[in-house]
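Record features (Swiss-Prot):
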TRANSMEM  14-30  transmembrane segment
REPEAT    14-103  repeat 'Solcar 1'
TRANSMEM  84-100  transmembrane segment
REPEAT    110-195  repeat 'Solcar 2'
TRANSMEM  116-136  transmembrane segment
TRANSMEM  170-186  transmembrane segment
REPEAT    210-310  repeat 'Solcar 3'
TRANSMEM  217-233  transmembrane segment
TRANSMEM  285-302  transmembrane segment
Amino acid sequence: MFKEEDSLRKGQNVAAWKTLLAGAVSGLLARSITAPMDTIKIRLQLTPANGLKPFGSQVMEVARSMIKNEGIRAFWKGNIPGSLLYVTYGSAQFSSYSLFNRYLTPFGLEARLHSLVVGAFAGITSSIVSYPFDVLRTRLVANNQMHSMSITREVRDIWKLEGLPGFFKGSIASMTTITLTASIMFGTYETIRIYCDENEKTTAAHKKWELATLNHSAGTIGGVIAKIITFPLETIRRRMQFMNSKHLEKFSRHSSVYGSYKGYGFARIGLQILKQEGVSSLYRGILVALSKTIPTTFVSFWGYETAIHYLRMY
């Protein structure tokens, strides 16, 4: 066993290609175990509220419908762009965090503020780089037919009908959301790690396990807090990504709802959802998201630190 290190805070000691590769590994690992939950979450976010049922029954209803009408493989629709999204996002997030950490360290910011700022910059960078894959994944997951959609055909359709902006629909809102998420996640993560480091020597021996548990849960706690705060913004972004789809009327029984979004920006769509569906609609899929956040964040940070440990041997 090796002693776990905080490679993010010590990123200036890690080569850029190692942080890039470790981030890709962590992203792919996280994606591989959460794809089905991700699909259900996106389906719930894309479906306007109509006599909302309890959160738990919503999840089961969507899952049963997918198995009955589309088959078990439906849970992995959009898996290719989803995997590319996670790999690209993971690589960009961790490598840019390490890079920004290196260049901002000389400014001598207070440790928690430093983590918050670096996390925000890392979030913006990773969002821009990976966003087209996010749009593709949302469009493919929205397909509720038995047959799968062609990725290349969807790319051509977006390019033909919407142009380059189509691949970045909702990206400004996404950068705001993801920047906030990254800031909260990394800020919480580093705050807990710093707290544990500072109290390690003064903590009584019989309470060491509590500190160790908190230390190992830092990434998960940060991910959960960030998800709860930013989930409504993510729901609005999903609606924006799907609203101009060529297959909107074919894949959704609520095309008129999406039609009412035409010409609206992020804030107006959010207000429209609040007015027509209520605040609970902005949290459709939150239980799935939180269930996904725990393994995703844990595997992401664990995978990154583990990969960095072994890459340092070479």
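Note that Cβ sites are derived from N, Cα and C of the backbone, with glycine treated the same way.
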Contact ranking winner - 14-30, 116-136, 170-186 against the transmembrane segment (84-100), Cβ under 8 Å: 14-30
PLDDT averaged over the residues of the repeat 'Solcar 3' (210-310): 86
Counts of helix, strand and coil residues, the repeat 'Solcar 1' (14-103), according to DSSP: 77 helix, 0 strand, 13 coil
DSSP residue counts for the repeat 'Solcar 2' (110-195), split into helix, strand and coil: 73 helix, 0 strand, 13 coil
